[in-house]
Amino acid sequence: MGGRASRRPRGSPGRSGTACSQRPGRRRWEMEKSAGSPSVLGSYPQKNAEILSSQYGINLFLAGLLLTFAWAVHAVGISKSHLLSYLITLMLIQLLWMLWYLGRSCTQRRLIRDKDTHAGARWLKCGITLFAVITLILDSFKIGYYIDFSNCLSPTEGIFPVTHAVHTILQVYFLWCHAKDIIQSFKTLERFGVIHSVFTNLLLWTNGVLTESKHQLNEHKERLITLGFGNITIVLDDHAPQCNCTTTTLCSIFSQGIYYLYPFNIEYHILASTMLYVLWKNIGRKVEHHQQHKTPFKFHGITVGMVFGLAVLTSTIAIVVVYLIQIGRSKIKSELALTMFYLHAIFVLALMCTAGIVALLIYRLEDRSLDNSKNPARKLDAELLVGTAAGSWLLSWGSILAIICAQAHPKYTWYNLPYSVLVIIEKYIQNLFIIESIHREQEKGNDDIKTLRIVTVSRGSTLSLTPSYKEIYNGRAAPGSGEVPCLLKGSVCGRESDGGAAEERSQEKSSASDISFYSRNSVTNNKRRILKNIAAFLFLCNLSLWIPPAFGCRPEYDNGLEEIVFGFEPWIIVVNLAMPFSIFYRMHSAASLFEVNCKT
């Protein structure tokens, strides 16, 4: 009997039980494998579509870049009309794609779509709308310029601003309505459409940068003559039409006004390309559905930062006006204008470095975790900050080497050394502050603390329904009421305290916790107030430092020392390549600091 009992687990029932226990596990594994296979197999076409679309966009951009370069160096057989025809074709293709996307969205407007809450912020849309409006004014100036010189200009120079104006209006509408979209249908086709739009805007940005740089270069050559650099070979690159204008006054207004509006056109296209790039990265992306806290901008609590920032902005505008009036008038006036610019910039950069260091020290004193979620918009912000800062760093290192290696130094060039060093340090500190700020988890205010309402009952089962906030937070009822916590009316849920001593001890503990809570809250509020003022101050300072290079106040051109050391043409090429990135860095930093101020 015992032997049978001992052998019984080895019989057929045991084997069948083992098979049953193994079969569900195997089935589960097979089900997971079969369920996972489509997603794994489906990811390959999407990855291939992403790679193919990116390669298409790069080749599109390189072809346009080569046409732009050929026109700039006056290549044989290539004129401006060829470049404009290429850009018009790209804009028309993008217009067709946007119309198709908008039409498909209208037919599916009742469907619930995923949205990226970090992409296409309202302040970013307002900024691109402002730049777009000024770009439309620029297009109207170009149309008027073409009408006045229509006898000797190609038809493409009249078609281009009209097409560009229509492209600008539709693109701004598209970005307002669909910048947050996470596309989940027609993904392969949409990838090509969005990446085409990205590189079309980049080529329009490149065309604007080149046109504006050629105008700045002509003025720069004239200024070098007044500074006494006659040994530099100066050949003016005149692209004025070879015919008379019908109305001289209007032609002068249009030709001069165009170049003052180009900085806004340049910023418009680079902002549009970044927003479209985020849309491209979001195609087919899986997002977690969670509530996004709105962070509106408030002027309350940032008075100090705004006052200092507005003072810097006002003084910068005054310096730029004086600089543009004095530079090129005579050698003495040009040297005074350069000295004034350098001293003002050194003072502003020193203040910005100090503010950034204070903000970073406050962050070091806080114990808050970072938000490491993979988000295309946030990642792109950080990459653009570091990438575009390289333009300013390149110019600064060139100036430092020129000062060290030059044999003769005019007096005003020595101010260039601390200016260049501070540009490097300031961008380094500011990038650390912005990147850490946008990656820090948002701090919750006291109103976000979830508390449980405590219902208390007296000995006579009388409910107390209105305990104060402090009592709820500390988990106790109103002192002196004789009430104790209770769960149900009429039930005995607590016991009386042992005498008055225990009650006094509990009150002392509660008051101590109140003091510690309010002290911690006060310190936190003070830190947040300081950080908000620093962000507001840096925001206005970056807007201030965007104005001089955007409107022609460029000492890297005008001091002449770098041209002597590196050669005129090599240094001009370096400046023309690096300056657009430096200008964009200031505008992008201002936008990021605006977000930091809202988030803090």
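Note: Cβ is positioned from N, Cα and C throughout, glycine not excepted.
Quantities reported herein were computed from a predicted structural model and do not represent experimental measurements.
As given in TrEMBL:
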type	residues	note
REGION	1-41	region 'Disordered'
COMPBIAS	1-10	compositional bias 'Basic residues'
TRANSMEM	56-77	transmembrane segment
TRANSMEM	83-102	transmembrane segment
TRANSMEM	123-147	transmembrane segment
TRANSMEM	159-176	transmembrane segment
TRANSMEM	259-280	transmembrane segment
TRANSMEM	301-325	transmembrane segment
TRANSMEM	341-363	transmembrane segment
TRANSMEM	384-409	transmembrane segment
TRANSMEM	530-552	transmembrane segment
TRANSMEM	564-585	transmembrane segment
Contact yes or no, the transmembrane segment (341-363) and the transmembrane segment (259-280), 3+ Cβ pairs under 8 Å, gap 6+: no
Candidates 56-77, 83-102, 159-176, 530-552, 564-585; stretch with most C-beta pairs under 8 Å toward the transmembrane segment (301-325): 530-552
Contact call for the transmembrane segment (259-280) and the transmembrane segment (83-102): at least 3 Cβ pairs under 8 Å, seq gap 6+: no
Chain residues in Cβ proximity to the transmembrane segment (530-552) (below 8 Å; excluding those fewer than six residues from its ends, i.e. six or more beyond): 216, 219, 260, 263, 301-306, 308-310, 312-313, 316-317, 319-320, 323-324, 341, 345, 348, 351-352, 355-356, 358-359, 362, 430, 433, 437, 579, 582-583, 586-587, 589-590, 593-594, 596-597, 600
Selection from 83-102, 384-409, 564-585, the stretch that has most Cβ pairs under 8 A to the transmembrane segment (56-77): 83-102
